[in-house]
Amino acid sequence: MNRRTLLASAAILAAAPAFAQDDPVKAGFIYVGPIGDGGWTYEHNQARLAVEEHFGDAVETVYQESVPEGADAVRAITQMALSGADIIFTTSFGYMDPTMEVAAKFPDVKFEHATGYKTADNVSTYSARFYEGRAIQGHIAGSMTETNKIGYIASFPIPEVIRGINSAYLHASKVNPDVEFSVVWAYTWFDPAKEADAARALIENGNDVILQHTDSTAPQAAAQEAGDVITFGQASDMAEYKPQPRVSSIIDDWAPYYIDRVQAVIDGTWESQQVWHGIDEGMVEIGEITDAVPEEVREEALALKEEIASGEYHPFTGPINRQDGSAWLAEGETADDGTLLGMDFYVEGLTGEIPN
Amino acid sequence: MIALERRRQPSRVWTWAAPLAAVVLTMILGGAMFAALGVAPLEAIRTIFWDPLFNPQFASYSRPQLLVKAGPLILIAIGLSLGFRAGIWNIGAEGQYIMGAICGAGAGLAFYPASSVLIFPMMVLAGALGGWAWAMIPAILKTRFGTNEILVSLMLVYVAESILASVSSGLLRNPDGMGFPGSRNLREWGSAANNELIADTGMHWGVVAAFVAVILTYVLLTRHIQGFNIRLSGEAPRAARFSGVSPARVVIFCLGTAGALAGLAGFFEVSGPAGQISIDFNSGYGFTAIIVAFLGRLHPVGILLAGLLMALTYIGGELAQLMLGVPGASIQLFQGMLLFCLLGVDVFTNYRLRLSRGETA
């Protein structure tokens, strides 16, 4: 080894640890609600903490909570990019255009937008197949309702929410053809007072199952107060309402995905992609089904979960008609992702209209 | 013992010193709160008040953002201040702001994708008219039937929110949006875009309109008979009536102006920073502007400064969340303290503190 190569390898040796000690990778998170909402934002924040724990000193995280969707989001994301974030997770649908706008100005920063459909070289999207969980909820709800009336607190009329309503309804009416759904549009992701009002109104109207697509635990509390009503945890386990009203839940587990993507940034292998994971990949989890559910219903529900996870069964399998009676899926046909991602119609049997 | 004694006239010194004292007091109380949260208080205060203006990492971006955030606040607050001076309580600027945005954006989108220099001015006009018309509802109900404008204007905010939700997922929905609610992005359509007039300054037409409104209102209040009538109606309603001022006209003028300005603010926001009509497009500017109007003593220049200060606490508050990890709610608490301190310190404008010995009591 001559002197020159020695020097060169010394330089590489010196440079390598210097690179490793280079500023820790900074991961930023933009939340739509407060981290203590007990639902959607809470789970994203749990995943952020999991990222911190997994990487230790190698990764630093920052977050901003309760960021309004719109002009304020552009500023919040920009400031986060300016503060040196290497990857930014924007965790609500309404951040789509703001994320695209900021991403165009910061080509070196990676962006991950939850539940949207626009991508760029430095923007990925990710979402979970919550409708798989909704199928299991619908099955339990349809089997357990005594009044045959199920209330549904919906947030915004976007495809993700409409998919959930359709999936829950299809599987509830499969076990109980007499079941009726009442959908209330709350126009909010997080507003405990409004959510509680909606739940109380639904219960007063004879609905003995309350499904929710909003993020607070207020509907759970309202159901507990009323007694004899069952609910499902949304986005988070909401275990404090076990064993009843909360009889099961859909849990969003973002941690593996976040760790994976931050690792990709560290390795320099990050690439733009569109990810839609379900029960199989573990992004959607079904929380404990409590003793309040009859044993046979529980077993059916778990069997359904297995079938969905293995890909043996798709929650949208024909024959399914649209609400207006026109045919959507023929016998045995399954829905394609494109239609599901843009779903803007109810399936046959649901009453009421999607607001427009 | 300590007693409060009413001043014969409001103190001129305190009228202007109160807001400053309130800011200082807020810094002290807020600092104590941040200390209790385990954040270095001086650092937190510096992050909120100093960093948005002078931090080398952020300032070049956040300084222009101050104008973007303050623009609509000032524009709405100026309109509200006219009514507040005349004792007309328009609490529904948020609704007028929403309707201005919907009408302005809707008028433009009807011509999509035409390209003409006339489209933008027409949208401005439609935005102002939308806000004006929404404010005319409480105005006419008040002058015709004597209803309370506080209740009517406030309730109409909720109606406007419902209309907003409806048009975002129906009438104005982007046909290419894959079924998602929200209109087309106006900023991607040159004829309707309210972009920055000079790059990286934050100056868009809405900010220009806010400055013009400040100047015109100043002239109106100091030089014009209508301004005199407004002040008179608020300070001495009986005298106003004797001197031939029609209360109904003042109501219509004040609510109409406030509505039109709020409508303009909504339109400039939707065609600029926000870009599109969406279900939760409104973010409370109409309510925050009420605070700005009072923080600015209902005076045009005061409102200008108060709007900028409020914007500073918003942007500084965001930086504090980002850099120091303080919870979002603590920033709202901090802003609440500001208003609370102002109202508290305000006592000294009309009262003086008197220290007297116990035995004389």
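Placed from the backbone N, Cα and C atoms, the Cβ positions cover glycine too.
Features as listed in TrEMBL:
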- B:68-88: transmembrane segment (TRANSMEM)
- B:95-112: transmembrane segment (TRANSMEM)
- B:118-141: transmembrane segment (TRANSMEM)
- B:150-172: transmembrane segment (TRANSMEM)
- B:203-221: transmembrane segment (TRANSMEM)
- B:250-268: transmembrane segment (TRANSMEM)
- B:274-296: transmembrane segment (TRANSMEM)
- B:303-323: transmembrane segment (TRANSMEM)
- B:329-348: transmembrane segment (TRANSMEM)
Closest-packing stretch to the transmembrane segment (B:329-348), where packing means Cβ pairs under 8 Å, from B:95-112, B:150-172, B:274-296: B:274-296
Close approaches to the transmembrane segment (B:274-296) from elsewhere in its chain (Cβ under 8 angstroms; 6 or more beyond its ends): 19, 72-74, 76-78, 80-81, 84, 91-98, 101-102, 105, 157, 161, 164-165, 167-169, 172, 174, 181-188, 262, 265-266, 302-307, 309-310, 338-339, 342
Intrachain neighbours beyond the transmembrane segment (B:250-268), with Cβ under 8 angstroms and 6 or more residues off its ends: 71-72, 75-76, 78-80, 82-83, 86, 88, 90, 93-94, 96-105, 123-124, 126-136, 138-140, 142-143, 149, 153, 194, 204-206, 209-210, 213, 226, 229-230, 233, 240, 282, 285-286, 289
Residues from the same chain, set at least six apart from the ends of the transmembrane segment (B:95-112), whose C-beta lies under 8 A from its own: 72, 76, 119-120, 122-124, 126-135, 153, 156-161, 163-164, 167, 171-172, 183-184, 186, 189, 191-192, 258-260, 262-267, 269-271, 274, 276-277, 281-282, 285-286
